[in-house]
Amino acid sequence: MSRRQFVGAAAATTAASAIFLALGMAQPGIADDDLAAKGEPELVWSAIADYEESTAQERGTYSPRFVAYLARFLINYDTISAYWWNAQQTKVSVASAQKFSKRLIEEGATSVFYNLDLDGNGSLSEEEFYAGLTDQTEAFSKFQASIAFGLRKYQGKDGVRSLFKLLVEQFGEQLSARRQIALLFSLMDSVQPVELIKRLIGETDNASIIGYKVVDGGSGYTPEAPPSVKVDGPAFLDDTAAAKAVLKPTGRLFRIKVTSPGKGYVKAPDVTISPPRASWGRAATAMCMLKGDKLAGVVLTNPGKGYTTGDDIRVMIAGPAINMTAINVTAAGAGEVIERMMGGATAEAILDMMVGEVAVVKPGSGYGVDLPITVTVDQPPTRVDFANFGQVAKVEAVLSPPPEGELLRSWLPPASLQQAVTELLPNNLVPKLDPCLGKFYISPIQVLDPKYCIYYDNSEFQIYPSQKLAPYFSFLDGPRARYPVEKERPLDVGVFLRFAACGAACGATAHAVLIPIDVVKTRMQSEPRKYPGMVSTFKTLLEEEGKDAFLLGAGATITGYFVYGGVSFGLTEFFKRKFVEICGPEFATLYPVPLLLFASAMAATFAATAVTPFESLRIKAVTSPGFPRTLIGGLQEVARRGQTRELFDGVPVLLLAEIPYMMAKFAVFDAASKLAYSLFPQAGESVTLSLLVSLLSGMVAGVAASLVSQPSDTILVAVNGEAEEGGRMDIVGTVRNKLKEGGVAAFYKGSVPRAIKSAINIAIQFFLYDSCKRLAHVGPDDIKVFFDVMSGLEIGLKGAGGMGAVANMIETNMR
């Protein structure tokens with residue numbers, strides 16, 4: 001797509017979804033028809049509370065990089081995970097389209113085009129456009145968090161081994177999957193299952209030894225005792241290779257072996273060694289050593305060069321010297337001369353041998369192509385007197401080629417394009433075994449020190465600054481998410497009754513604690529001239545009416561808000577879920593705030609109607625002298641006067657007050673708590689911190705709710721307070737009077753104590769509500785279940801029949 005085409009499409013519509021459809025570019029994943037043909041798989045859902053027993057320390061077995069890569073692996077190879085991922089693409093498309101539309105409006109089409117054109121060639125490829133349009137990170141991060149949750153039961157060394165065996169059992173039929181599992185566990189920093197990785201690589205490659213390379217033939221070997229060769233066993237199977245060493249001369253002499261020491265020597269005789277036949281050769285030299293009058297040994301001073309087994313090597317040692325003047329010329333003297341001439345020493349030359357080659361006796365099987373194999377050759381014979389030192393031979397095994405062609409030992413991901421969250425490392429990338437650390441790492445990166453890395457490039461190691469290579473592999477880390485893929489389990493009537501009971505308890509308790517502040521606020525609203533300020537109102541009430549004045553209307557308050565709390569909280573929970581059912585999960589995902597506002601408004605309608613009579617009795621008790629202070633007394637007095645119907649006169653006003661109050665309360669609380677958890681994700685891991693978040697978010701919600709509903713509350717107090725004097729006015733008349741008295745400011749009389757009361761009230765309410773829900777086993781973790789990917793694997797839901805086709809389809813589409 002050229003820049004002109006892109007800008008034209010963007011100008012035609014700023015809805016990214018329209019551009020998306022116009023270009024005919026579908027999200028990658030499994031085709032619906034293919035899934036329908038295989039049958040829709042059933043996802044496994046488990047209670048979050050079942051996984052909460054693991055400690056934070058135990059949950060440190062797996063690094064974020066490992067969890068992210070396991071998520072990628074499952075999306076590519078597990079049918080259940082792939083099905084879920086495909087189902088998310090529509091939701092992702094809608095959300096991404098909205099974000100893209102906003103981006104087009106704010107930045108302009110031309111600017112967006114150049115930001116998407118990552119390779120700078122002046123046009124957008126499908127990959128570039130798709131990478132800029134879609135935002136899969138949120139769905140992937142939740143899936144990743146689900147896996148992290150499921151891994152809580154695979155902790156420690158034994159847990160890692162169990163997980164490894166589970167993945168091999170489920171997906172080991174595919175060669176590419178076995179390679180990916182080896183890469184996956186090579187990402188582990190601690191408790192890495194090294195031996196299991198070796199075995200898997202051996203099973204995957206299943207290589208045999210087809211030859212041996214003699215790196216150093218050594219020396220000091222003799223044909224009489226050829227060395228044996230020992231080959232390490234394979235990582236997989238029990239089919240160890242066997243080999244045999246074949247010797248050849250080094251061209252040197254190893255030693256001179258004395259065959260007869262002779263006798264009668266007075267001094268060391270001369271020794272001469274015949275030269276080799278080769279013209280380029282060089283004769284060895286030696287010197288004799290005596291012990292008494294006999295030859296003790298012959299020491300090579302130069303082993304020579306160019307000798308072969310075909311040479312007739314002769315060692316000539318001079319006989320003992322004869323002093324003819326000291327011998328009588330007799331028959332006996334002649335015999336002595338002959339004896340001395342015959343008493344000369346003799347010796348033979350021993351060739352120095354080396355390992356010339358190692359023959360394959362048995363090739364074996366189950367070896368890993370890139371796993372080190374130790375081939376051990378016996379040491380040469382132990383030190384022999386007057387012989388040169390021998391040196392052990394060094395041999396390397398040559399393995400059969402891998403089943404999928406040449407293995408990849410050097411790789412860097414492309415830096416010019418964005419990486420898809422589901423992209424895997426190349427299947428033929430080889431995990432490297434560090435012999436010093438005793439664990440695997442992903443080639444080509446090897447940490448040399450904090451500043452430099454070793455990179456295997458062009459068949460040789462090169463040193464690069466670590467910061468140069470680090471960005472290439474940052475895509476492996478994956479996005480982070482606080483919550484896993486979760487949903488609410490089906491809720492019955494009993495659960496909603498427990499919601500209502502918790503709401504009733506927290507509503508009554510919170511309002512009971514704040515009755516004194518409520519009395520002050522009501523007096524300031526009903527008689528603003530006598531009670532102008534909060535502090536002065538406290539003092540006046542204390543001086544004129546005593547401490548009992550601060551408990552006026554207590555019975556009506558506690559009872560009324562017991563009913564109010566039960567109805568408001570219970571129905572809000574009910575309507576919120578019911579609207580999700582009606583509108584669908586996509587609407588709930590995209591528009592959570594309007595849905596919550598609508599649910600709280602509906603609940604407020606019923607709650608306000610239910611609490612109006614009690615609120616009317618409370619206001620009369622506080623503002624009307626002589627009116628009974630108890631709830632029963634107030635009801636009897638109203639019945640005596642025939643004013644029972646008037647208890648509901650405040651319903652319209654209370655609706656005007658409570659609907660915005662409730663909407664603000666729930667919406668602001670929800671927003672404040674989400675903000676708190678986004679800033680401090682660790683708060684969700686602790687019950688204490690979660691309750692603290694509820695407390696602080698409730699205070700913020702309380703202030704906002706009181707300010708929104710303050711004018712309606714002022715009118716409500718005025719209507720119920722004036723009725724006692726026979727000068728009862730309707731809502732319109734009350735509004736006119738308030739405007740005459742003090743303008744708009746008159747409606748905010750008593751707003752400070754009401755804001756304080758509301759902040760404390762709602763904070764206590766949500767704190768007690770969350771605490772009560774946990775005790776009643778209807779807290780967030782009790783009513784939610786999460787997508788338990790690992791349990792799905794355990795019971796074999798991968799869909800063995802169509803798994804390979806599904807995995808290949810996804811992998812192909814994602815390319």
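Every residue number used here counts from 1 along the chain in the order it is shown.
Cβ from N, Cα, C; glycine included.
According to TrEMBL, the protein has these features:
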DOMAIN    104-139  domain 'EF-hand'
REPEAT    494-578  repeat 'Solcar'
REPEAT    591-675  repeat 'Solcar'
REPEAT    689-775  repeat 'Solcar'
TRANSMEM  495-520  transmembrane segment
TRANSMEM  549-571  transmembrane segment
TRANSMEM  591-611  transmembrane segment
TRANSMEM  650-669  transmembrane segment
TRANSMEM  689-708  transmembrane segment
Beyond the flanks of the transmembrane segment (650-669) by 6 or more, those residues with Cβ under 8 Å of it: 568, 572, 593, 596-597, 599-601, 603-605, 607-609, 611-612, 615-616, 697-698, 700-702, 704-706, 708-709, 712-713, 715-716, 719-720, 731, 762, 766
Helix, strand and coil counts within the repeat 'Solcar' (591-675) (DSSP): 72 helix, 0 strand, 13 coil
DSSP helix/strand/coil residue counts for the repeat 'Solcar' (494-578): 74 helix, 0 strand, 11 coil
Surrounding residues of the transmembrane segment (549-571) on its own chain - C-beta under 8 Å, 6+ positions past either end: 496-497, 499-508, 510-512, 515-516, 518-520, 541-542, 600, 602-604, 606-607, 610-611, 613-615, 617-619, 621-622, 629-632, 634, 662, 765, 769
